[in-house]
Amino acid sequence: MADVTINADEVRSALNDFAASYDPGNVERVEVGRVSSAADGIAHVEGLPSVMANELLKFENGVLGLALNLDTRDIGVVVLGDFQGIEEGQEVHRTGEVLSVPVGEGYLGRVVDPLGEPLDDLGPIATDGRRELELQAPGVTMRKSVHEPLQTGIKAIDAMIPIGRGQRQLIIGDRQTGKTAIAVDAILNQRSNWESGDVEKQVRCIYVAVGQKASTIAAVRQTLEDNGALEYTTIVAAPASESAGLKYLAPYAGSAIGQHWMYGGKHVLIVFDDLSKQAEAYRAVSLLLRRPPGREAYPGDVFYLHSRLLERCAKLSDELGAGSMTGLPIIETKANDVSAFIPTNVISITDGQIFLQSDLFNANQRPAVDVGISVSRVGGAAQVKAMKKVSGTLKLDLASYRSMQAFAMFASDLDAASRQQLTRGERLMELLKQPQYTPYPVADQVVSIWAGTTGQLDDVDVANVADFERALLDQVRRTTNVMDSINSTGKLEDDAVAALKTAVAEVKRDFHGSKHGIEPGVEEHESLGATAVNQETIVKK
């Protein structure tokens with residue numbers, strides 16, 4: 001038998017040739033993990049060593065999950081969908097994609113979930129692409145100062161707490177104080193801008209409902225549809241029945257849809273209703289993922305949860321198209337406690353707050369805006385000049401009225417100046433009352449506020465202020481061009497003021513002898529006792 005001779009060089013050469021000529025074809029590397037445990041909307045997955053933070057994972061039954069915790073031994077995954085079909089031992093596959101939502105004009109008039117899927121049974125949505133949920137907010141050099149007004153149609157807000165395009169204005173108050181009503185009114189007030197067809201005026205609206213009752217969301221949608229506002233509005237719905245993961249993601253989904261329009265040079269108004277429930281959902285997710293709790297059991301990064309969301313609202317520079325996204329986040333307080341953890345966080349992030357008082361609401365002062373602690377830090381620069389001119393003393397007059405009210409409760413005699421403050425204040429408070437879902441055009445607001453702050457209503461009975469206001473606005477529309485002048489120039493000229501005074505005199509003349517009460521010379525009446533003060537508007541904390 002011949003001896004076998006092995007030449008190492010030949011073996012090495014043969015192996016090298018084989019390796020060089022090997023063609024794997026279409027074989028691809030696939031990582032497969034398995035569910036090690038699953039409970040309460042959270043799944044722990046083992047065996048995916050290369051997974052990215054916030055990557056989408058697909059479970060065996062087709063449900064998607066979001067990788068939030070990347071631990072040494074396993075991955076904490078938030079299930080985005082039906083949790084019931086996920087069991088221990090099921091396979092989990094990587095998708096290689098981070099969470100994103102479809103975007104585009106097709107979303108106007110639709111109701112969608114936080115993943116962008118339609119919920120209104122109106123068929124598929126035509127999209128222009130996708131946008132990631134976790135994107136950096138515009139930088140300092142990408143922004144421009146807020147200088148364009150965004151009218152809400154609410155006299156108390158547009159006069160004293162003005163909002164500009166690109167601003168973040170918090171709406172805060174106890175439950176059932178009219179927070180959602182203010183946000184919906186702001187959406188309804190954009191209808192005339194939308195119908196104008198002018199891209200510079202049009203405002204696309206997004207209403208993000210987090211943790212609300214499904215019936216409440218349906219009622220908001222019906223209100224928008226009945227008032228012709230649904231055609232320029234998108235509703236992102238994560239009702240109370242949804243999982244904590246979807247409620248946590250809903251505001252980011254709405255923001256991504258709005259950012260697509262903002263970077264396209266358009267103007268957007270987005271309402272987050274409400275961020276308290278988003279924070280609670282994020283707390284639930286974090287505790288289930290075994291993240292260490294902090295104050296009120298919220299995780300340590302709960303401030304970042306809201307700051308990275310609200311910082312996406314901006315007024316972009318001219319180089320980026322000059323688009324804007326205005327944010328109206330809503331926060332619910334407990335017993336008017338604005339010093340709680342989440343309220344103080346969001347107050348520090350936003351550019352101002354509109355504080356709604358339950359005592360004012362119960363006293364029939366609606367909208368129940370507490371002008372004493374409500375503020376707009378940047379909106380004043382965007383206020384219409386005519387409104388700024390007529391509302392300059394409004395906040396001061398109301399503050400004097402509030403302080404004098406408390407004094408009048410115990411005083412048996414008041415001097416003429418004090419009686420005048422009470423007279424003016426009562427009528428201003430009545431003037432600021434406004435029915436729900438009836439936003440006022442800015443020109444109407446200017447005329448109404450002018451009548452109140454210049455004392456034109458001082459001799460009108462408090463009970464008839466609303467009727468007098470309607471009659472005055474009708475008279476001004478019919479007999480003058482003041483409204484057109486305000487709309488075109490944004491100013492209230494001297495000749496317009498003279499025309500308004502003439503209109504007031506004519507309306508008062510019509511009121512004489514009718515059922516409406518005119519109280520000529522109120523300031524000359526004898527002293528008013530405590531019983532003469534309108535007690536229902538007194539709020540003493």
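Residue positions begin at 1 at the first shown residue.
Using N, Cα and C of the backbone, Cβ positions are placed for all residues, glycine too.
Note that this is a predicted model, so its numbers are computed, not measured.
Neighbour list (GLY173 (ATP binding site), Cβ cut-off 8 Å, at least 6 residues apart, same chain): LYS179, GLU332, THR333, ASN336, PHE355, LEU356, GLN357, SER358, ALA368. Feature annotation from Swiss-Prot assigns ATP binding site to GLY173, ASP174, ARG175, GLN176, THR177, GLY178, LYS179, THR180; the stated evidence is sequence analysis.
The local packing around SER374 (site 'Required for activity'), expressed as other Cβ atoms within 10 Å of its Cβ over all shown chains, amounts to 22. The site 'Required for activity' feature in Swiss-Prot is assigned to SER374; the stated evidence is sequence analysis.
Marked as region 'Disordered' by Swiss-Prot: 517-541.
What Swiss-Prot records for 517-527 is compositional bias 'Basic and acidic residues'.
For 532-541, the entry in Swiss-Prot reads compositional bias 'Polar residues'.
In terms of local Cβ density within 10 Å, LYS179 ranks first among the binding-site residues ARG175, LYS179. Less than 8 angstroms from the CB of ASP174 (ATP binding site) sit GLU332, THR333, LYS334, ALA335, ASN336, LEU356, SER358, each of them six or more residues away in the same chain.
Each residue contributes its Cα atom, and for GLY178 (ATP binding site) and SER374 (site 'Required for activity') those atoms are 15 Å apart. Apart from the site residues GLY173, ASP174, ARG175, GLN176, THR177, GLY178, LYS179, THR180, the chain places the Cβ of GLU332, LEU356, SER358, PHE361, ALA368 no farther than 8 Å from the centroid of the site's Cβ atoms, the recorded ATP location. Most Cβ neighbours within 10 Å, among the binding-site residues GLN176, THR177, THR180: THR177 holds that distinction in the structure as shown.
Looking only at the binding-site residues ARG175, GLN176, THR177, THR180, the one with its C-alpha closest to SER374 (site 'Required for activity') is THR177. Annotation note: GLY173 (ATP binding site) sits in a strand segment as assigned by DSSP.
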